[in-house]
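According to TrEMBL:
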DOMAIN    78-197  domain 'Glycosyltransferase RgtA/B/C/D-like'
REPEAT    451-484  repeat 'TPR'
REPEAT    519-552  repeat 'TPR'
REPEAT    553-586  repeat 'TPR'
TRANSMEM  7-33  transmembrane segment
TRANSMEM  87-107  transmembrane segment
TRANSMEM  143-159  transmembrane segment
TRANSMEM  171-195  transmembrane segment
TRANSMEM  223-240  transmembrane segment
TRANSMEM  291-310  transmembrane segment
TRANSMEM  317-337  transmembrane segment
TRANSMEM  343-363  transmembrane segment
TRANSMEM  375-393  transmembrane segment
Amino acid sequence: MKTARIDLLLCMGLVALVATVYHTIPHTGFFLYDDSLYVYENPAMSLGLSWEGVKWAFTTTRGGFWIPVTWLSLLTDAQIFGLNPGGFHLTNILLHALNTLLLFAVLNKMTGAPFKSAFAAALFAVHPMHVESVAWITERKDVLFGLFWLLSMGAYLKFVKNPGWKNYALILLLFILGLMAKPMMVTLPFALLLLDYWPLKRISPEEITQAPKRIWALVREKTPLFAVSLVFSLATFILQRHVGAVASLEGAPLSFRIPNAFISYFKYAYHTLWPVDIAVYYPIPENPLPHWMWIGALLILAAVTFLAAFRWKTDRCLIVGWLFFLGVMFPVIGVSQSGPQAMAARFMYIPAIGLYIMAAWGGPELFRRAPSKKAVAAGAGIGLVLALTLLGYNQARAWEDGIALMKRSMQITGENPFASYLIGVAALRKQDYPAAEKYLRESLTLKEKRKDALEGLSIALNRQGKTEEAITCIKKALEIEPDSIKAKSYLGTYYFKAGFYEDGRKIRDEVVQADPKEAIVLYNIATMFFDQMDYKNAKTWFQKNIKANPFMYEAYTFLGAIALKQGETDAALANYLEALNLHPDLPQVHNLVGLLYIKKGLAAPAEAHFRESMRQAPGFLDAPYNLACLYDLMGNEQAAQALLKTLIKTAPQYQEAIDKLEQIRNNN
């Protein structure tokens, strides 16, 4: 009973640690990078957990991976929360809390050491290196595969205690589910072999040196797991290569990859020990790595390996923890270069457990000569957890502002064109077009995203009235990919805006004939018809756009405008409200909705929308003017005059406000 009470208290403490670090995250929005691909610009999210949604999850390779379990998890969130990012964040946090409890339970069951197990789990709960995996919705992959990894470890313990095909089948099932969440799960069979040595002690040091048959028996036992691992590894490599995510030997030769792997291993271990200045994105260096850097990293790694191996008989936890870290990290260390990053904190979500094991079971040895070594070790452990909790909390808070987070990454890593690209994209989303132009220009040196950066830059230029520059920019994107229907659709919209109607119609007809399916292309076609005041066709294409991507709020704003032009007030209001449901930060739309509510004689919602518009965009003058007019209609002349006086003080040339104030004074 006493043991159960201690375990319960430890579990409550672990949950409290997770809550302390991550309690602000549900209030943040979507992140700049890949959340659009996975969630808010992913048309499949509208399917939810329908049969169509499940079928899509098992057949798509969106993002370059086959991860149906991750997609099902995200579809479940979309079914429950819609596109509210807080719901997706909450699920990530709950999964991380569950993983923390599972790690404690598994280590405790394997070792019978609740306090050491709780210490390792506490490090896992709060370490700043794991914030990226928890705070980033896209990294649902990490917390999900972590869940199945830890469940597999628990199932393996059950199998060791009670061998049998049913218990083995459970391991195999959990392993496959984990692989369907994230392919990084492939190293599980290797990790289970390490656990056989410690803490399960299924093989002794003497058997390793004198009875190799015992080793091979344990390896053969895991043959089905290794076979599944091999199949998924090959399938993932082929798929990644097919989508162009695997760098060629010409682009990233082994002379770069292997030295970079040594440096990355060192940096991962260093940031685990000293978790400050953790960047979200580490660019691949363009210049050759200095010899002193990778040789120094290799020597340090070799020294730690030697020290752990030196005590492999007496302190098994050290060699197991160290090899766990090295082995589980291997698929993403960069030898097979996948993706544009040199390293990423999210890759440490499970490999770091090896280092936590070393700290929890090997760390107390540092205090063996202290007068009260248990008390001193416990005090040091608590102090370390509290310090990491503060650092983890600060790292989580940094994710509240994606642009500031990427700027911080640029300060840490130096020149970082990919970070500039992400900031530019975020600025586009916030409709801060000068900032978008600045950062997207900086990102044009990035080969992998040059076409995307040019497309984004053309949008920023066009929205600032620099349409001819936008045309030049999008033509450069077409030089990179001449058959890009998406780029051509942008070019067509710019031609219409610049007054090159014949060129615009030619491009529009070419894009239409291509029978496009991509939502943004359908949207661009619709805007081309809209610019020509062909509202019938524009409405048709905006409806096609919404069918392709139900979350594209811009299409609803255009449909609202078309309905207004056709005198359909109710339809206009419905479309504008749907746009706000999808994207609440639209001050001009809030203002229009307020005007429409006035037409319907509904003062309270009209006032609410005018006030929201004013809150979102203090410099947008129409909302306070319209609110003053509403107050006048309601007979609240005092409030109307106060608003108009403030407005005129801000904008002395606002003639309508001056006239309205004079009218109210004359009426009184």
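Positions of Cβ are set from backbone N, Cα and C atoms, glycine also.
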Helix, strand and coil totals (DSSP H, G, I; E, B; other) for the repeat 'TPR' (519-552): 27 helix, 0 strand, 7 coil
Result, the transmembrane segment (317-337) in contact with the transmembrane segment (7-33) (3+ CB pairs under 8 Å): no
Intrachain residues whose Cβ lies under 8 Å of the repeat 'TPR' (519-552), provided they are six or more past its termini: 40-43, 45-46, 83, 485-486, 489-490, 492-493, 496-497, 501, 504, 508, 511-512, 558-559, 561-562, 565-566, 582
Long-range neighbours of the transmembrane segment (343-363), counting only residues six or more past its ends (CB under 8 A): 103, 107, 111, 113, 116-117, 119-121, 123-124, 127-133, 136, 139, 142-143, 145-146, 149, 184, 264, 267-269, 271-272, 278-282, 308, 315, 317-318, 320-326, 328-329, 332, 334, 377, 380-381
Tally of residues which DSSP labels helix, strand or coil - the repeat 'TPR' (451-484): 27 helix, 0 strand, 7 coil
Criterion met for the transmembrane segment (317-337) and the transmembrane segment (375-393) (at least three Cβ pairs under 8 Å): no
Predicted model, mean pLDDT over the repeat 'TPR' (451-484): 94
Folded-back contacts onto the transmembrane segment (171-195), same chain, C-beta under 8 angstroms, at least six residues removed: 65-70, 73, 110, 141-142, 144-145, 147-149, 151-153, 155-156, 159, 218-219, 222, 224-226, 228-229, 232-233, 236, 320, 323-324, 327-328, 330-332, 347, 350
For the transmembrane segment (223-240), sequence-distant contacts whose Cβ falls under 8 Å of one of its Cβ atoms, 6 or more beyond its ends: 61, 64-66, 168, 171-172, 175-176, 179, 183, 185-189, 192, 246, 331, 336, 338
